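Peer 1: Positions annotated as compositional bias 'Acidic residues' by TrEMBL: 459-473. The feature compositional bias 'Polar residues' is assigned by TrEMBL to 515-528. If you look up TrEMBL, you'll see 415-539 marked as region 'Disordered'. Per TrEMBL, repeat 'RCC1' is recorded for 78-129, 130-180, 183-248, 249-304, 350-403.
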């Protein structure tokens, strides 16, 4: 493809993204239970499903996070819709009432919003004028309002940043990209693992006579000094780590280093941005590269569009301590990607591809498909559709598809009604919690989900428990188990409930991932249907 053709194609794709498309959702619809021990998941949407309030609405941006149990969507008019868990006011409606249906945030109606991010219990948006507003949990200053005095801000408050271009959220911190010279990247929130990039974790003892540790909040957005001479153009946040790319195509990572998610061939935490060696010299990232950060992994596309990943890629096998090419996706034109807890979604060519460990149908393979897939696999029901945006959270995924040239494809999909906001959060696991036209999906997914344990080796980490409402400060911020790193393995940090459980969970993971030859065959059947170049294949 010539440079002129490439430029023309990029312009066309940008035009499509600005226009927006139909939002589809798959995964857990019972927000009370997802990511928690209590109760079996009920009413999962195991196939990409349309959401009744957004049918026909042109959605341009979707946001969630590897620790998020709520969703944010922006339409072509700049309106903001939120839904999901709302115990800390992270939906921005001025209350703590859970919403199962996408609901417009009325207090943001006077702004035209262009970007959004979502953390564990907070949300951040950016206006076309370069302002940023945030709402939700603010105990660690992650809203960037300059004060952490109010632990919860259930209505939008102004962030102390200007000329903002975009934002990204980790579990309890926020990063902004700005056009201000010398301050192209700023951060605020919890500094525990160095994920803010300011050279410290601000750790202290709560009392002189106590061994209990705490971390000083950073409520005022602060420019990352070590990157003052660089122009940062892309950023993605995992639960407790950050990935950024500068205008020269160099990749930087910092924060929690467990499982090799920083790509530096070691598991050491990095308190300041450190350049990833592989993406330098002859392998810098092109301008159109995509980057992604999940709870325990990172990814980006480099020369030729090749996808590289590093960190904990699978539940079994060795961790990838440095970036390696994912050969299954060689030759595909990747346009967008996002990573959730332990799963990944990609929009490429006229296909949608997903893989990873899943419990709630978040891979979108349908009622007769697999729950999890160790290798990238096409979402068959979306085959032929042009995906223009994806977002992954804890137990759920969102996809934006272009409505042109889909024929009656969208009409074939289920429509989910949800529950009205004035009905409250409802009783967890109630049968009437899901109303949709599909008859098999939710019931079958529920039966299978009960047979699985919701705990595995990766979920023993702090980023995967999502029990923030039930956890004490010790469990949320404590560092008691961070010191249990031995021989390159991590038994758990932060919110994990104990090292003993993670070992037994690891055993159950091994059994769960084993599949019969017939299952393996069905897993790859959809991949062999396409005769195009660079088709999905086993590495």
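Heads up, the Cβ atoms here are built off N, Cα and C, so glycines get one too.
Predicted automatically and left uncurated, TrEMBL annotations should be read as such.
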Peer 1: When the repeat 'RCC1' (183-248) is classified with DSSP, how many of its residues are helical, how many are strand and how many are coil?
Peer 2: 3 helix, 29 strand, 34 coil
Peer 1: With DSSP as the reference, give the number of residues of the repeat 'RCC1' (350-403) in helix, strand and coil.
Peer 2: 3 helix, 25 strand, 26 coil
Peer 1: When the repeat 'RCC1' (130-180) is classified with DSSP, how many of its residues are helical, how many are strand and how many are coil?
Peer 2: 0 helix, 25 strand, 26 coil
Peer 1: Using DSSP, how many residues of the repeat 'RCC1' (249-304) fall into helix, strand and coil, respectively?
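Peer 2: When I sort the residues of the repeat 'RCC1' (249-304) into the three classes, I find 8 helix, 19 strand, 29 coil.
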